[in-house]
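What Swiss-Prot records for this protein:
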BINDING   Asp11, Lys34, 61-70, Thr117, Arg179, Gln188, 208-209  substrate binding site
ACT_SITE  Lys63  active site, proton donor
Amino acid sequence: MREERPIIALDFPSFEEVKSFLSLFPADERLYVKIGMELYYAEGPDIVRYVKSLGHSVFLDLKLHDIPNTVKSTMAVLSRLGIDMTTVQAAGGVEMLRAAREGLGQGPILIAVTQLTSTSEEQMREDQNIQSTLLASVLHYAKRTAQAKLDGVVCSAHEVKAIKSEVPAGFVCLTPGIRPTGADIGDQKRVMTPHQARAIGSDYIVLGRPITQATDPVKAYHQIKAEWNR
């Protein structure tokens, strides 16, 4: 179920900057955008309602991680915003993941974060005290996520092939850490180009700065979209 539109990360701190950025695109162009913690905590549910009013799809990336009942009730609130996708932390455990699914319902896509693409194996071992390999940790989280009946995971594109060999068909992999050829990788440590991500089986890709900080964001978006779909 590969999504043809790259997801644009709206990594802006304010409503006005989002409005200014989205106004660059033709009114009839339907985008898929990511609203993360900074923007959501600054502007609240109104930013989601505004973006949805323009006809765009919304990936609300809040990475919930709390006791099951709290996650369930929070997801029920988020479901009323009409979001298309959202996230929880796989480390919260199967019970929490199932509670998230119950609270959100069956409409929106619900995916779990495995290991952040900014995390190296050394950091994982030192900071999380997980002494396996990074891939083994990601695969463990992916299998537990599938067991909880979620739709998929957030992972590095480097891990997609291994994940899909371990989970049921239709399990989706959303991959951040995507950069066009020659672009600055920023704080990401495990990156791929859009074309490489497609070839390896990614279903969704997320990009922020290569589009939002481009001299011509609309042109940059369409170039990346063309690379993703070729």
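Residue numbers in this text run from 1 along the chain shown.
From the backbone N, Cα and C atoms, a Cβ is placed for every residue, glycine too.
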Listed in sequence order, residues with CB under 8 A of Lys63 (active site, proton donor) and six or more positions away:
Met37, Thr87, Val88, Gln89, Val113
Can you check which residues sit near His65 (substrate binding site), meaning Cβ under 8 Å from its Cβ, same chain, 6 or more apart in sequence, and list them in order?
Val71, Val88, Gln89, Ala91, Gly92, Met96
What is the total of other Cβ atoms whose distance to the Cβ of Leu62 (substrate binding site) is within 10 Å?
18
Out of Pro68, Thr117, which of the binding-site residues has the smallest number of neighbouring Cβ atoms within 10 Å?
Pro68
